[in-house]
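One structure is given here, and the rest of the page talks about it.
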Amino acid sequence: MKITLSEKKLSQIKADYELIFIVDKNLNNEFIKDQNEFSFYDYKGSGVLSLNEQKRVYVGIKDLSLSSLRDGVASGLRAISAFKISSVKMASYFRDDADKMSFLALSEGAILGLYSYQKYKSEKKEQNIKELIISTQSYTKQKPKNKKALLGLEYGTIIAQATNTARDMVNETPQNYTPKRMAKDAMDLSEQIPSIKCEILDEKELQKQKMGALLAVGQASPNPPRLIHLSYKGASNALKIVIVGKGVTYDTGGLSLKPSDYMLTMKADKSGAIAALNAIRAAALLKLPFEIHAVLGAVENAIGSKAYKPDDVLISHSKLSIEIKNTDAEGRLVLADALSWAQENIKPDLIIDIATLTGACVVGLGEYTSGILGNNYDLQSEFYKLSKASGEFFSILEFNEHLRELLKSDIADISNAANTRYGGSLTAGLFLDKFIKDEYKDRWLHLDIAGPAYVNKAWGVNPSGASGAGVRALVHYFLGLDNLIQDGKDIVISPLKQKIAKKSPNKKAIK
Ligand code: BES
Ligand code: ZN
Ligand code: ZN
């Protein structure tokens, strides 16, 4: 799908179809030519109306916000995607202050909206629409600044393609998408993009490194686990960020077996790791000026005679012991070891883990929203605000000390499941917190994407199946941090090096 900008007036652009937005039910603007048809179809400017004879599709949008533009272009193109047309034209739609971001949102919407996963269909529906031409003639009559608009289209294309790659990987079936396959995808990525390096720890290395929690989760599976470390170094290393991803390639629940209905779709339990992998892909293609690492815990939670059991006590990489109360609470075990490894080996300024961690998050926030957990409310808010431009939904969840009691174990340092279902996302987050070292406590965010990672019924820019949740949010967060730094504004986490350097003279002064 190619998205181009044209200086020509809309009427002079040759294309097979035209897409027109109706903003806030305003039916009187220069692009609207089919008032008679509107009254025939009783169309009042909300939803989608495709007029096949006129070769025009109308899409009602609430306003010119990024989300409306993104979702609008996605639903418009989806409505005509089965037709034998190869090009679509539309006007520019943007708010005065947001031309770059608006073009970014339009290209994201087009590429994300037309995605479909067809690998296993004998008869594949071809994607006919190959080109979207956006005229600089605009709804608000203001001309977009070409450079900014083109940059927006380029950024949006990179971010959306990385999201679609994430969707392809998550949609791939569990018999094919094993931990080894994830390691191969990571290796391939580092071969495609020279600024990305990749290191793989196989099961023998994981044993040497005493990753007792992660290894236990994978021990019943014929597909051995991998720890995958990707790193990207941008032109400046102003900030060193690590994303730790849960990559459970299939979650049967283990011996605490999931009921069939709940097991279905658990190929998507690798979504956190896949989001991290593709966020780093986009960051490298966008040449972001940070050092970004991704640590992926790739493992299959299977059943069998070798399976780890409720009542087992595991010794984690951090040496803390864990009493297993439920083998279906496996993601936190994988993350515990991956988080410890990342803190020890990478020493980042900021750690973000991302995971389809709890069903409780879906119950609490719904299928469209992810949770932001952590110990630093300012950092949670910063992520909330800066990731907003992505169109992904987030909600901040706060810990409290009473919940921590629920993870106490009689025989080990902590148990992997609380003794109540209430507050399940928070207790899962508090379990992870146990593996965060003191110096990282307020430099850590945990994102629970269990709700939006897999889509049962299409919504927004998402067809059913994997959504690629987390890719856009992470990349927009990084872009937002970069903007703040460029503008000389403060960000919540300062680089650790600087913080330490700032602290030491004070100490001397006090002495
Ligand atoms: N992978 C699941 C969480 C999940 C549920 C993701 C639904 C997406 C949709 C996770 O490993 C799990 O099973 N968690 C348990 C924890 C419980 C046993 C403490 C849960 O949420 O029920
Ligand atoms: Zn589970
Ligand atoms: Zn899981």
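The backbone N, Cα and C atoms fix where each Cβ goes, glycine too.
According to TrEMBL, the feature active site maps to K258 (among others). In this structure, K258 (active site) belongs to neither helix nor strand by DSSP; it is coil.
Residues or ranges marked as active site by TrEMBL: R332 (among others). If you take the C-beta of R332 (active site) and look for same-chain residues 6 or more apart in sequence within under 8 angstroms, you find L357, N416, A428, F431, L432.
Taken from TrEMBL, the feature Mn(2+) 2 binding site covers K246, D251, D269, E330. Mapped onto three states, the DSSP output places E330 (Mn(2+) 2 binding site) in coil.
Taken from TrEMBL, the feature Mn(2+) 1 binding site covers D251, D328, E330. Sequence-distant contacts of D328 (Mn(2+) 1 binding site), defined by Cβ-Cβ distance under 8 angstroms and a gap of at least six in the same chain, are D251, G253, G254, S256, L257, K258, N301.
The average pLDDT computed over the domain 'Cytosol aminopeptidase' (326-333) stands at 98. Per TrEMBL, domain 'Cytosol aminopeptidase' is recorded for 326-333.
Looking at K246, K258, the recorded positions in this record, the fewest other C-beta atoms within 10 angstroms of the C-beta turn up around K258. Among the recorded positions listed (K246, D251, K258, D269, D328, R332), D251, D269, D328 have a CB atom closer than 6 Å to some atom of ligand 1, in sequence order. Same-chain residues that are not part of D251, D328, E330 yet have a Cβ within 8 Å of the Cβ center of the Mn(2+) 1 site turn out to be V217, V248, T252, G253, G254, S256, K258, M266, D269, N301, T327, A329, G331. Proximity to ligand 3 at the level of Cβ atoms, with a cut-off under 6 angstroms, picks out D251 from the recorded positions K246, D251, K258, D328, R332. Only D328, E330 of the recorded positions listed as K258, D269, D328, E330, R332 bring a Cβ under 6 Å of any atom of ligand 2; the order follows the sequence.
A helical conformation is recorded for D269 (Mn(2+) 2 binding site) in the three-state DSSP classification.
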